[in-house]
């Protein structure tokens, strides 16, 4: 077979001759040159994307297992503790200081034997096995902390490792580890062992989710990226819907833990079935492995048995290049990329954090299946509405739309809560009717807020994966997912403090939504654009105007460069690695399209 040339990349020069770019520059343009040459989003790529959907069920089972393993049961004291009835002085002191509610809790907890009834479908869970009620209830919140904190560390550390070693090695090690720690959780002998193992289980689960997310993004062409990611999100919510039935079949928390962990064995063959990301191999100059990868792509896409080892002239000239390594800490040396990442991290944290505030207003601590399914239905509706909104407004416009809805719902709900607190001391029929109406409006705004905040958090993660360049995409996505984990931590944190300071917590997150509304228009639009491969390309992603007339008031990019003196930055190298001239349609906000 003759040597294959990856044509269609070099634009004509001003003198009419075709400029010859460096081979590694041609190979780094995966979306515009390499993948179209390999058949685009063909059958082989579609099969690989489908393989990333299958573990989504397993990830969702562990992600929502807290509702079943650590759910608080209905309880009743069967045998009061006669040895603790002498604590009446403590109860009297609580009543005298005005803490009547705490005094009633102390009275109810004077018990030596309990009767429990779970609403989650299980006959026994962690709480009922070790009697984690009253004085021991704080251990339940620590167990919820441990899974989330482990996930945060997993996103941060394993994201950086995915950029250094590759996506597949991180995936393989994480699958092996989650099997070990996940099965060990089922055989915990006390709550300390359970919480510790859950930390490592969350660490490994985060690495699996991150590596699959990045692989899925890097497999797809621009027209398919968003739809393939949203299908994976819908599969995760489907796993949430199946979890109550699975719990009802298992009946015991240990059996349930084994059932949701054991299927990860099916992911072990991924090390042979799933190839390394071709984008990552080309951009980090692993050209020997990339050559074998391209040959595999052509073999799977074509029906003939031609030998493709003779071609790939660009690869042949670059085989002696040494691989390069990158780290997410290189974000600190950029001008624009780190700002975009910070904005999306704050969006993700705010979306997940305020989602709990809305959910608490609706659930009020309930663990019934009706409320559980209501949350899943809201998540499904959010994912479905994301399709037309993002298709019509783009990534930036869709994110801004949902953030505005979240802020409005939060502000209106805070206003209703404040009115309820003000008028609750007035005993009259009008006040009771007003409070009832306010409560119903509060429920409505909470449902709208959960709907929009779920969309904000989902779109923020996807947006960051498109903005972050391939060389540090694992670390960048890890940062935004870790920020989402911090937002999720607000739920057990509020429960640990018995919801004290909840109103102030809600106010702070509402202020964050307003801050995000200001910052989102500064992000670049990535819809239909190739993924940035290098840090320089990611730095070159600049904001495009939202309003049509805004374009005419912008400085030309040459004037901006002279003003800000960025000749030595990666942005200047992206604009023109040669003599410094810029295209005539370039502006400070990107390329003029009209």
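Glycine too: its Cβ is placed from the backbone N, Cα and C atoms.
Curation plays no part in TrEMBL annotations; they are all automatic predictions.
According to TrEMBL, the protein carries these features:
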COMPBIAS  576-594  compositional bias 'Polar residues'
REGION    1-24  region 'Disordered'
REGION    571-594  region 'Disordered'
TRANSMEM  48-70  transmembrane segment
TRANSMEM  145-162  transmembrane segment
TRANSMEM  168-187  transmembrane segment
TRANSMEM  199-217  transmembrane segment
TRANSMEM  223-243  transmembrane segment
TRANSMEM  255-273  transmembrane segment
TRANSMEM  370-391  transmembrane segment
TRANSMEM  398-417  transmembrane segment
TRANSMEM  443-464  transmembrane segment
TRANSMEM  471-491  transmembrane segment
TRANSMEM  503-523  transmembrane segment
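Of the candidate ranges 168-187, 370-391, 443-464, 471-491, 168-187 contributes the most Cβ pairs within a distance under 8 Å of the transmembrane segment (199-217). The stretches the transmembrane segment (398-417) and the transmembrane segment (223-243) are not in mutual contact, being linked by fewer than three Cβ pairs under 8 Å (pairs 6 or more apart in sequence). Counting Cβ pairs closer than 8 Å and at least 6 residues apart in sequence, the transmembrane segment (255-273) and the transmembrane segment (48-70) reach three or more and so form a contact. Ranked by Cβ pairs under 8 Å to the transmembrane segment (471-491), the stretches 145-162, 168-187, 370-391, 443-464, 503-523 are led by 145-162. Non-local neighbours of the transmembrane segment (503-523) in the same chain are 339-340, 343-344, 346-347, 349-350, 353-354, 357, 395-396, 399-400, 403-404, 406-407, 410-411, 414, 417, 463, 467, 490, 494, 543, 546; each lies 6+ residues outside the stretch with a CB under 8 Å from one of its CB atoms. Across 168-187, 223-243, 370-391, the stretch most heavily in contact with the transmembrane segment (48-70), judged by Cβ pairs under 8 Å, is 223-243.
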